[in-house]
Amino acid sequence: MKENVNDGSTPIHLRAGGTSLVIAVDGGRLPRILHWGPDLGALGDDALADLHRAALPAVGDSAVTYPQPVPVLPQLAEGWLGRPGLVGDADGRRWAPKFRDATHEVDHADDGPVLRSTALDPEYGLAADFEIQVLAASGLVRQRVAVRNDTAAPYRIDSLELALPVPSDASEILDLTGRWALERVPQRRPFHVGEWVRASRGGKPGLEHTMLLVAGEAGFGFRHGLVWATHLAWSGNQVLAAERTPAGTRHLTAGEVLLPGEVVLGQGESYRSPWQYGSWGAGLDDLASRFHRHLRSRPQHPRSPRPVVLNTWEAVYFHHDLDTLTALAERGAEAGAERFVLDDGWFQGRRDDTSSLGDWTVDPAIWPGGLEPLVARVRELGMDFGLWFEPEMVNLDSDLAREHPEWIFDGGHGPGLASRHQHVLDLGHPDAYTHLFDRISGLVGSLGIDYIKWDHNRYLLDAGHTPDGRPGVRRQVEQAYRLMAELKAAHPGLEIESCASGGGRVDLGVLEFADRVWPSDCNDPHERLEIQRWTGLLVPPEMQGTHIGAEESHTTHRTHPLDYRAEKALWGHLGIEVNLLTADDETHAALARWIAFHKEHRALLHSGDVVHADLADAAFRLEGVVARDRGEALYAFSVVERPSTWPPGRIRLPGLDDERHYTVEAVHPGSAPAAGAVLPPWQRDGVTLPGRALRLVGIEAPSLDVDRSVLLRVVSVPAAS
Ligand code: DGJ
């Protein structure tokens, strides 16, 4: 149902999924958000008009006092002196756009109400079409804008950023940083006057990218404090910023970082920004659950049980041979693996990482009978088959690079710096795109590949399209999306994992096409606990690849017992990434027990609400998954450093139903606690308590060494009479 709201006298109230968004639309001005956050209930026109009046500040004596609140596209020509909304020009003119004469329409769409606003800048011949939506399944807010040039003079856009306001209680900022094998490290700071800007300019979000920018009430945690966050659904260059002005505005902005001349609009052409998403919550768990609900509500969300993966990378690296890999597949199937993924090293000439990217044909020297015998055995064992590709990359030492040097990005100084010995294939060349599609699709079809591990290791630097040298980064992202979509359309059921040296391409843009992300190349459970926790702000467990790695981590060289490695991998899309051919029988049997435990509980793990306790002592972690109906839960209590107090004290279990009773027991899928271990009394045979008592009183934490954990299984039972 559509509703015209042209008179604009009353703010628009979009309500869905527990979120209210109240938007002022008066005076032909651009939409201005008065409230974004908790549902306000039904409000009549009078209340909405008063809410608008109540939200207006006193106007000072400066002519350039910007009317509050600022529109979703802030404009210099209206007096805005902060981060610009649209930066563009026509050969040095038409550089201070002033969109106005806006008309508005509310569409009560099935996936949530959407305000569509169209505004014009008649002098400049520009039009802007906004969409601002509250999603019904999640209460997420999202917005985007399309700017159109209606004149014959080309209009160049340098940047286009939208803004979501946060209230003045949002006094602290949280964002994420990181590096290879240490993605998603949180950092916090006060929300001072100024701009806190996080940008990615490497053609993908990157390992160090913040993924989300959060502002919240002082001291907010997973379970407390109101928080608001923004995310850009885009896998290319981008900027997220938290801005506070002396005049009181606080907002979170997001937009694509455009390279010079990347967007030049001819007459009638438009540039549409990626979706800017906004989530809010009472604590980070609530904020994250909106993203999880959103992803889970989409028709393409993976709904079949997530098959346990056996990935060959850390098991054999480039040392491929049929006998070893067949034996690995057999050992994996015995342990319970359901999908065999052959990683890097299978294609023409690829013996190490110095050559052959781009030559996507099976190497006859290593695979004289092709991959078919391996695939046939994998299928006999009842497993799916997956194969590694790095479609956008090329080694200069490859047949592809020798035959088509013009398909390699070149900003005017040759192909540029190598990284991991590789360069980038420009998918903006139609022939390069077609070549790639044909090669990958041919293999997917002939081998019956179920799953592509889609890697992307090099950043895009001076990524110029040959022969003109114009930047091709934006088009590269669009073409990568197109390639994923067309491969999936040609091969229904094909799944894709987004990997970029680990977690370098984790965003809602790629997740339109990918079925899971690889959060990190680090399989060390000590690091994985944190990486998965913070990746989980956006990505639900079933979309995070979590593998049981080697006893001695290949990235950190710490050693951990199987139980800790397996427990930390249990929660996501489980995999094995270890050489099973060297594991002794006892280890193998324990691994099989962990995999069986995962399969028994994966329906819960992959559909429930993810919860984290806010614990005062930084030495401890408690996280879990609670069934949506609150009937059961699993938690893990972990010790990550030596605590200052001992015994550790009580832990409270979040997320349960206050009114129901639950049994709590420690479970040990791998190996039982050593005889004589010091255990709190309840841990010997469990305890039964109301959810309220578990939330408010808690239970004594198990006594553990560093990098050890205990799993808690919690099941609701009828209340004792
Ligand atoms: C980087 C990935 O992150 C790894 O998991 C592995 O696939 C290698 N590339 C293969 O070269």
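Each Cβ is built from the backbone N, Cα and C atoms, and glycine gets one as well.
Those TrEMBL annotations? Automatic predictions, nothing curated.
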For the substrate site that TrEMBL assigns to Trp180, Asp343, Asp344, Lys453, Trp454, Asp455, His456, Asn457, Cys499, Asp521, which of Arg148, Arg377, Arg420 is also named? Arg420
Residues satisfying Cβ distance under 8 Å from Asp455 (substrate binding site), sequence separation of at least 6: Asp344, Trp388, Phe389, Glu390, Met393, Cys499, Ala500, Ser501
Asp344 (substrate binding site), DSSP three-state class -> coil
Counting every protein chain present, what is the number of Cβ atoms, excluding its own, within 10 Å of the Cβ of Lys453 (substrate binding site)? 24
Average the per-residue pLDDT over the domain 'Glycosyl hydrolase family 36 N-terminal' (30-265) and send me the rounded value. 95
Excluding near sequence neighbours, so keeping only residues 6 or more apart in the same chain, what lies with its CB under 8 A of Asp521 (substrate binding site)? Trp180, Ala181, Ser501, Gly502, Thr555
